[in-house]
Amino acid sequence: MSVTLGTPLQSSAFKVLLLGSGELGKEVVISLQRLGVEVHAADRYDHAPAMQVAHFSYVLNMADPAQLKQLIEKVKPNLIVPEIEAIATEVLLEIEANKTATVIPSAKAVNLTMNREGIRRLAAEELGLPTSAYRFADTLESFRAACDDIGYPNFVKPVMSSSGKGQSRVKSFDEVDAAWEYAMQGGRVNQGTVIIESQIDFDFEITLLTVRAKNPETGEIETHYCDPIGHRQDAGDYVESWQPQPMTPAALEEAKRIANKVTTALGGCGIFGVELFIKGDKVWFSEVSPRPHDTGLVTLASQFQSEFELHARAILGLPVNTARHSVAASAVIYAGVDANNLSYSNLNVALAHPDTDLRLFGKPEGFKRRRMGVATARAENTDLARTLAKETADQVSVQTNS
């Protein structure tokens, strides 16, 4: 079956509506643009990164059903591609049921993964996948009881948050009330529910980028895997990542089994970021995102097709190639200040090494711990690549302007 794409801004245009316009969405837009797709980007604030490279952009509250429905009716997209969790998913379920547009990867996947409760119950209770022990709580009293039940130390996360917001490690009962307050401040869409997880004794954690794409000859959906990505987090937020992460053949096989099971249950086509804990040959499921993953920024330097190109190809029904050509690493560049209209200097020094690269996201406003860019590096092994990526990131100087 032939895949046909039209011409942007013409009546034949194939339209994609991106819901959420951050740095990951920006790379997806660029990948779609290269294939002649007309892209419409939406977010809650103007001049978001993906908006800067899209054909059209819109500012709205995507968690408001009326606003979201109005936008979809206006754009009339072929595909709706969510980049964030804070979306009125009931609208997407309705759109999919009416066959008005195709939701990527599926409305079910977006609805289930928009909060940690839905996906954890699917993974642990329906699919029987190994996870940490967990409880949910929606009041301070039930939270205190759940923390005591799980034991200490434990990890607390709002069921709806991203980039580590509202997450904390609770070492004793004395820290419980403060953790509750912090989680309430960090959650999105005022959900008011948290997950309490037991601490797993693991060697390392990985992201297994898993791609569901149609076989061009048979039309059947097949599952492909990128090499495992190792990563380091600080307070739940990605700081650096590298590919490949060495692991035993048995652990890799189990990781693929778990990733296949959860992504098959979610359905649809596209890339999924499956987060897993590894200890020896043992593997535990942690989380899944039905879209490109921040730790996957390393694939810009390591793979023939980055996670963004893989996502674009998969959702358009095109063949994918998950092969890696290099050992690589990525390191985050933070704003370091609370300011807008920032400048980035010393770039010539940062990029002096031929195996390094930068992505500066163009975010209009910076916060001390806001991710404003990423450095990537290739090297003979992951240790050297990590060192080079961090050196490159550290050499970028973020400056304020009056």
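Yeah, the Cβs are placed from backbone N, Cα and C, and that goes for glycine too.
When the candidates D138, D148, D149, D294 are compared with the N(1)-(5-phospho-beta-D-ribosyl)glycinamide site entry in Swiss-Prot, which names E23, L24, E83, K363, R370, R371, the shared residue is D294. Proximity to E287 (Mg(2+) binding site), defined by a C-alpha to C-alpha distance within 10 angstroms, is shown by the following binding-site residues from R116, D294, R370, R371: R116. Reported as a whole number, the C-alpha separation between R370 (N(1)-(5-phospho-beta-D-ribosyl)glycinamide binding site) and G166 (ATP binding site) equals 15 Å. Note: Q199 (ATP binding site) has non-local neighbours S132, P153, N154, F155, R169, i.e. same-chain residues 6+ apart with C-beta under 8 A of its own C-beta.
In the three-state DSSP assignment, the secondary structure recorded for Q199 (ATP binding site) is coil. Just so you know, of the binding-site residues K363, R370, R371, the Cβ with the fewest other Cβ atoms around it within 10 Å is the one at R370. The separation of R371 (N(1)-(5-phospho-beta-D-ribosyl)glycinamide binding site) from E197 (ATP binding site), Cα to Cα, is 26 Å.
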